[in-house]
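Novice: Below is the structure I would like to discuss, written out as structure tokens.
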């Protein structure tokens, strides 16, 4: 670049910084925030699938799936992990269905958790925006997008048509929220539900509620599904769960993770440590016996899980070694999920009015 251009650029950059504040424009190489801070999901395999060790701070995340698939459980685990780091968390409960006893069982400090149960969608998103702009809240959960009912719909009659109202509300709110979330380095998670599009002949008929805006603004989108039941005898005690990283702007997408969720206890970390330890040869398996560092640690997966639950030091050591191995880029991350088919935009069934 010649000298005149350099002088002109320096003058322009100086003027921009003077008018809009320091840091309003910078060279990417000068930025000290190249590494994205992440908050663990409570699942080691999902942290690995996300590529950065968890969900990214300063970004919007969408978690969606069918009913009883583990969406709220996963977000409560994120809150528990964030609170362990001393972070402040808020839960905007638009569904009015949060169970504090269950949250406490998952490790959430319910005494310190901020909770709001708003009356309307506008109120919920306004509260969310005020919390973000305070720069004092690190994690915000909105449960769920489908329950963010516009004020006009609540005040109207039961059968009234309100086409595109919720989509317009979400689009406007996300335009305001995105920059504030980045500046506050706050993780904002929207839980969403699934609906079926009518008349779809090819591809998946499933779509999420609230228009298309959230799909664009979200840096990470997670599709969570229940793929089986965990039984003790005839009694069902938990779910086998699969999470697909459908969209990821901070690492390669389309990875997937599988883990167990036990009723009343949440994600089984011990089960993940056993499975990943065996897969990556940190734990040796010969027949039904498992060995670690040359010593037998148990017969059968259930006994090893019990040992890890009791011996936190050993479990912590295995987890630390797995994180170092899997998140350094030395080993390929979990299996790839099948790429998600692009959804055709149907102007009639899902309009986003601005």
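Counting begins at 1 with the first residue displayed.
Note: Cβ is positioned from N, Cα and C throughout, glycine not excepted.
Quick paste of what Swiss-Prot says about this protein:
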BINDING   65, 66, 67, 68, 69, 70, 71, 72  ATP binding site
Novice: Helix, strand or coil by DSSP: which one applies to residue 71 (ATP binding site)?
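Specialist: In three-state terms, residue 71 (ATP binding site) counts as helix.
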Novice: I'd like to know which of these binding-site residues, 66, 68, 69, 72, is least surrounded, judged by other CB atoms within 10 A.
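Specialist: Candidates: the binding-site residues 66, 68, 69, 72. Fewest Cβ atoms within 10 Å: 68.
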Novice: Taking the Cβ of residue 71 (ATP binding site) as the centre, count every other Cβ atom within 10 Å, in any protein chain shown.
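Specialist: There are 21 of them.
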Novice: Under 8 Å Cβ to Cβ from residue 70 (ATP binding site), same chain, six or more residues apart: give me those in sequence order, or none if nothing qualifies.
Specialist: 224, 226, 239, 241, 261
Novice: Mind giving me a neighbour count for residue 65 (ATP binding site)? Other Cβ atoms within 10 Å of its Cβ, every protein chain shown.
Specialist: 24
Novice: Other than 65, 66, 67, 68, 69, 70, 71, 72 themselves, what residues in this chain have Cβ atoms within 8 Å of the centroid of the ATP site's Cβ atoms?
Specialist: 224, 226
Novice: Tell me the Cβ neighbour count for residue 67 (ATP binding site), meaning other Cβ atoms within 10 Å of its Cβ, over all protein chains shown.
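Specialist: Looking across every protein chain shown, the total is 8.
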Novice: Which of the three DSSP-derived classes (helix, strand, coil) applies to residue 65 (ATP binding site)?
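Specialist: Looking at the DSSP assignment, residue 65 (ATP binding site) belongs to neither helix nor strand, so coil.
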